[in-house]
Amino acid sequence: MDIQRAPYHNTAKLCINSNPLKSSVLHFCTWCITKHCPVVLLCESSLPVLQLRDESGRLSVCSKLCYAIGGAPYQITGSALGFFLQIYLLDVAQLDTFYASIILFVGRAWDAVTDPTVGFLVSRSRWTRCGRMMPWILISTPFAVLTYFLIWYVPSVEQWKVLWYLIFYCLFQSLQTCFHVPYSALTMFISMDQKERDSATAYRMTAEVLGSVVGTAIQGQIVGGAITPCLPGNLEVLDNGNTTLLGSDVNISHISLDETKQAYLIASAVICVIYVLCAAVLFLGVREQEECGRLKTEPMSFFEGMRMVMGYGPYVKLVMGFLFTSLAFMLLEGNFALFISYTMGFRNDFQNILLVIMLSGTLSIPFWQWFLTRFGKKTAVYIGITWAVPFMILIVCIESSLIVAYVVSVAAGVSVAAAFLLPWSMLPDVVDDFKVKNPDSSGHEAIFYSFYVFFTKFASGISLGISTLSLDFAGYVTRGCSQPDAVNLTLKVLVSAAPVVLIFLGLLIFKTYPIDEERRQGNRKLLQAMRDSNQDSDTESTELGSVV
């Protein structure tokens, strides 16, 4: 490739040094860019630079793909922990049920608390040569990988097990937050154009749904044989808690505990490698833009930032609406496997049904991206979120049928894709609206995103608590091959009645959401005018700096 010079403000910088990890991924990025992007290699401050945008300022396909790949680690590790951590703590680490519940609850609570904190710290970060968000991602990645691997290691000292898992689970959640919150806010800095941000968000959602599939598939394929089978026997005996006596007479598994431990370590190592590769591709393939014309202001305090975002009406309505709809789908997803296994009686098929949901969601995201562009985002919310409601009602009103279960899974995946895509597509609109109303404010993007992530994880914690308590009160039998009628009725409520009510409550809140297509387009024009008015002075300052 020819090395050329180009002005700094017309290029997309790519920080590359002699780091072996970056060099190993550079070949992939170079090949990808040469296939899809106009490439110009530059030298600015003795660093190589890649131009990842065409002359019109639009993001290239390569840049969108690299940005999307950066979102996969969060979903890969999240799906692996969500499906397998509880089983691992009980059956492999052999912790008491009470201590396992403490670890899971404290980890979720700590994870939720760290989001606003990290968002506040990111908002106060200074701009560096590689941007403001990217250093957080780079520094947190190796430590997050290490703590994730140690979660799946069983310490030899019995007395330290509870403390071991509690510390490393909370540490991983904190480091994952240091990766995910800046990555989420990065949406506002990869492009100043709303359409380009929406398009990049669609790429990202597709990659994240695929990440969920990959995480579930890797963990399931490697440790699937290590999952303890159900305990057959008298339900009354099991339900009264006398499982020790029954377990002593049943040959539970032919797989040794050491083999099971090794399988979990291998699976975690594979996921760690994927995590590092995805972070490297994100760093090498995406350039963070510093917004032109932004006024420098004094950094705000944490409580000022919280008061700012929670006092902004459109943001509160958006977050509350998606809080209810997210809670609905989390209840459905969290209990659908149990519903399929026990209420419908398809214990050997639930993995395939979950995979159908994820694949359906992945394939539906491009459709919803086209739909929201063609008909507007609020229309996409109403149609996309309510699409699964008839199927939720259908599955609990008919006799058990495997075909119906797969049909409902496909329909649920379509709605899950809409619920997954739309919040991240609409959040930039709220941030833009806030910029128009508060032109003197700066550095607030990470706060908006972190509080949304906080409320999403808060909804996840609520759904986990409601599900666990409801099933416990109904008499759920741990590792039982079948469940009492009260448990089956509870599962029907958790996957049908409760989600339907929550969806309609969320849609009622969306009726008051004020940012429609007309207002969104108006904000886009106003922001473009604000940038254009400051472009000349920014260009003169850049050229003067180059001369000096």
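Positions of Cβ are set from backbone N, Cα and C atoms, glycine also.
The feature transmembrane segment is assigned by TrEMBL to 133-154 (among others).
Listed by sequence, the residues of this chain that lie at least six past the ends of the transmembrane segment (166-190) yet keep a Cβ under 8 A from its Cβ atoms are 59, 63, 67, 70-71, 73-74, 77, 85, 102-103, 106-107, 110-111, 114-115, 118-119, 122, 131-134, 136-137, 139-141, 143-144, 147-148, 150-151, 196-197, 200-201, 204, 279, 282, 286-291, 424, 427-428, 431, 445-446, 448-450, 453. Taken from TrEMBL, the feature transmembrane segment covers 166-190 (among others).
If you look up TrEMBL, you'll see 263-286 (among others) marked as transmembrane segment.
The transmembrane segment annotation in TrEMBL covers 318-340 (among others).
TrEMBL lists 352-373 (among others) with the feature transmembrane segment. Packing against the transmembrane segment (352-373) from elsewhere in the chain are residues 195, 198-199, 202, 205-206, 209-210, 212-213, 216-217, 333, 336-337, 340, 346, 379-380, 383-384, 405-406, 409-414, 416-418, 420-422, 425: each is 6 or more residues past its ends and has a CB under 8 Å from a CB in it.
Through the fold, the transmembrane segment (379-398) approaches residues 321, 325, 332, 368, 371-372, 404-405, 407-408, 411-412, 414-419, 422, 492, 495-497, 499-500, 503, 506-507, 510 of its own chain, all at least 6 residues removed from its boundaries and within a Cβ separation under 8 Å. Sequence annotations record features per position, and here TrEMBL assigns transmembrane segment to 379-398 (among others).
Residues or ranges marked as transmembrane segment by TrEMBL: 403-426 (among others).
Look at TrEMBL and you will find 446-477 (among others) tagged as transmembrane segment. Only residues 6 or more beyond the boundaries of the transmembrane segment (446-477), in the same chain, are considered here, and those with a CB under 8 A from a CB of the stretch are 101, 104-105, 108-109, 111-113, 115-116, 118-120, 122-123, 133, 177, 180-182, 184-185, 187, 235, 238-239, 305-306, 308-310, 315, 319, 322-323, 326-327, 330-331, 334-335, 338, 423, 427, 430-431, 434, 483-484, 486-487, 489-491, 493-494.
According to TrEMBL, the transmembrane segment annotation covers 489-510 (among others).
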Residue numbers, six or more beyond the limits of the transmembrane segment (489-510), whose CB comes under 8 Å of its CB atoms:
317, 320-325, 327-329, 331-332, 334-336, 338-339, 342-343, 378, 381-382, 385-386, 389, 392-393, 395-396, 466-467, 470-471, 473-474, 483
